[in-house]
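Data first, discussion second: the structure below is written as structure tokens.
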């Protein structure tokens, strides 16, 4: 079991069904020590308003021993790698995931998708690329993994890509994990929960990790401290309330 989950959605994204409080309760029951709420960026039709992200400072950092990170799953908008998390939002958010979503950036050919994904990493604000194995968005896996290692951006293994979403992702996810391993980069695991019961569900990710013999030393979810250290290296301030997790 990994004690950190880095990708989930609340009722603020209206196609999801749980609240922040629901996730805290579930985390306590499952032994999850730290999680990031990553509702969709505002360019998605059912995403929270900009004010949602600007007001996340009202969230407690720690509830009943469970740490809470303020996140976003931003949208990669174009081949230049622009995302819908900019300006003052950047200072309000602890962890920025970014990925392709069809309502914002329609699937392109492999060259264009690769260009956009690498450009998003190069801009310097993105910490994790979400579900890069989506077969609707073919990429040059080796080039993306090399760029991710160079920019210290984690590529995600998304558990829901094996179950409810993005059918046909498994072979790509396996190839991505192997490419990240060979490039010396980071993997991040995300349940991509849209309901609290899925929190911390990484069983399919764990199978891929075992199959490619991915080193645990390069998985961000191994401990809260590893994830927090990663964010601090990437320029985020230390979060005093989470120092003892």
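Backbone N, Cα and C atoms are what each Cβ position is placed from, and that goes for glycine too.
Taken from Swiss-Prot as is:
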BINDING   7, 9, 73, 192  Zn(2+) 1 binding site
BINDING   15, 40, 194  Zn(2+) 2 binding site
BINDING   73, 101, 131  Zn(2+) 3 binding site
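Distribution of Swiss-Prot features across the structure.
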| residue | record | Cβ within 10 Å |
| --- | --- | --- |
| 7 | Zn(2+) 1 binding site | 26 |
| 9 | Zn(2+) 1 binding site | 23 |
| 15 | Zn(2+) 2 binding site | 12 |
| 40 | Zn(2+) 2 binding site | 25 |
| 73 | Zn(2+) 1 binding site | 29 |
| 101 | Zn(2+) 3 binding site | 23 |
| 131 | Zn(2+) 3 binding site | 28 |
| 192 | Zn(2+) 1 binding site | 27 |
| 194 | Zn(2+) 2 binding site | 19 |
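Counting only the Cα atoms, the space from residue 101 (Zn(2+) 3 binding site) to residue 15 (Zn(2+) 2 binding site) is about 14 angstrom. Take the mean position of the Cβ atoms of 7, 9, 73, 192, the recorded Zn(2+) 1 site; other residues of that chain with a Cβ within 8 Å of it are 8, 38, 39, 40, 97, 130, 158, 190, 191, 193, 194.
Rounded to the nearest whole angstrom, the C-alpha distance between residue 7 (Zn(2+) 1 binding site) and residue 40 (Zn(2+) 2 binding site) is 10. The Cβ centroid of 73, 101, 131 marks the Zn(2+) 3 site; residues of that chain outside this set whose Cβ lies within 8 Å of it are 40, 75, 97, 98, 99, 100, 130, given in sequence order. Between the CA atoms of residue 73 (Zn(2+) 1 binding site) and residue 15 (Zn(2+) 2 binding site) there is a gap of 14 Å, rounded to the nearest whole number. For the recorded Zn(2+) 2 site, residues 15, 40, 194 set the reference point as the centre of their Cβ atoms, and the other residues of that chain within 8 Å of it by Cβ are 9, 13, 14, 16, 39, 46. Spacing of residue 15 (Zn(2+) 2 binding site) relative to residue 9 (Zn(2+) 1 binding site) is 9 Å (Cα to Cα, whole number). Rounded to the nearest whole angstrom, the C-alpha distance between residue 9 (Zn(2+) 1 binding site) and residue 131 (Zn(2+) 3 binding site) is 14. Rounded to a whole value, the Cα-Cα separation of residue 131 (Zn(2+) 3 binding site) and residue 40 (Zn(2+) 2 binding site) is 14 Å.
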